[in-house]
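Listed in Swiss-Prot for this protein:
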REGION    1-28  region 'Disordered'
TRANSMEM  35-55  transmembrane segment
TRANSMEM  124-144  transmembrane segment
TRANSMEM  150-170  transmembrane segment
TRANSMEM  183-203  transmembrane segment
TRANSMEM  227-247  transmembrane segment
TRANSMEM  287-307  transmembrane segment
BINDING   289, 349  heme binding site
TRANSMEM  318-338  transmembrane segment
TRANSMEM  341-361  transmembrane segment
């Protein structure tokens with residue numbers, strides 16, 4: 001009969017697995033850091049693209065290139081004959097015939113370079129994404145579960161290029177002076193969707209998955225829910241802002257808080273059928289942009305007051321900055337309207353939307369995944 005064996009018998013040293021202290025976590029940490037830096041680069045590039053797009057619209061340059069050539073369009077006109085051909089194509093548009101008739105080649109080049117620059121930066125952004133994505137895959141730097149997220153950013157970027165041409169094409173139709181406002185809203189909304197996803201990914205990658213799982217147990221669901229509602233309302237406000245920009249609604253009704261001496265603008269529902277007023281009536285569109293701004297302020301203040309009761313200092317500070325930016329963005333919007341939407345205020349107001357939605361996402365993230373805090377830090 002075999003001898004008895006203690007259940008506490010030690011395993012011989014030769015049987016023990018080789019220890020690799022911290023090896024796996026270090027590799028995962030490096031991968032998360034690399035992906036995070038990559039997305040940060042893309043985030044900055046998208047912010048620049050939104051600014052270029054805004055200036056392209058404000059300079060009325062968006063219809064200067066009348067064809068969509070994703071590859072060959074990267075090369076601009078190289079001689080006088082090529083420039084004349086581009087100008088001749090632009091002369092066929094309603095915008096030229098009704099607004100820019102007689103435009104010189106030198107004047108045309110200014111608006112052409114704005115639109116070409118906007119498209120070229122988009123191409124560059126696509127190349128950076130593709131090279132970075134392939135490089136991260138080749139070096140096995142992508143953490144588990146993140147390949148699909150990175151691929152999603154690329155797919156949305158490609159879809160954004162298609163949406164951009166879909167928008168421009170609407171402005172090239174006979175009788176159109178500008179792009180369709182609802183298509184502009186789709187184009188801008190998609191840009192902010194991409195930007196928001198990138199911001200959220202950057203926040204998540206800044207901490208280990210295990211830490212996030214632990215932090216979520218201590219999260220404030222009600223406060224995170226308030227931030228989520230504020231995020232959705234801000235997204236709606238950005239879309240309405242795009243409609244305002246698309247029909248130049250910000251240049252009319254420059255009094256505040258009233259509109260032409262009343263709370264609602266005159267002829268608010270003058271266009272038939274009624275729903276077209278929501279897209280085409282400058283007074284109606286601006287009215288809803290104002291009202292949504294007021295609602296944002298109320299909900300934002302409520303979220304800030306709720307955050308003041310949080311024991312987490314970092315969470316409270318995040319909502320402080322969000323509230324400051326929300327107030328600043330509203331003031332900036334009022335100034336933009338009262339000055340009849342000059343280009344420099346309009347572009348700053350658009351950039352303010354980028355900052356605001358990023359700060360809302362950060363506040364939501366810290367409400368959902370609070371940072372660890374000592375008793376002394378909470379005092």
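Any Cβ shown, glycine's included, is placed from N, Cα and C.
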Per the Cβ filter (under 8 Å) with a sequence gap of at least 6 from its ends, the transmembrane segment (318-338) is approached by 227, 250, 253-256, 286, 289, 293, 296-297, 300-301, 303-304, 307-308, 310, 345-346, 348-349, 352-353, 355-356, 359-360, 362-363, 365-367
Residues outside the transmembrane segment (227-247) whose C-beta sits under 8 Å from one of its C-beta atoms, at least 6 past its ends, are 57, 178-182, 184-185, 187-189, 192, 196, 278-280, 282, 285-286, 288-289, 292-293, 295-296, 299-300, 303, 319, 346, 349-350, 353, 356-357, 360-361, 363-364, 367
With the greatest number of Cβ pairs under 8 Å to the transmembrane segment (124-144), the stretch among 35-55, 287-307, 341-361 is 35-55
Sequence-distant contacts of the transmembrane segment (35-55), meaning Cβ under 8 Å and at least 6 residues beyond its ends, amount to 114, 117-118, 121-122, 124-125, 128-129, 132, 136, 141-143, 146, 150, 153, 187-188, 191-192, 194-195, 198-199, 201-202, 205-206, 343, 346-347, 350-351, 354
Residue 289 (heme binding site) -> DSSP, reduced to three states, gives helix
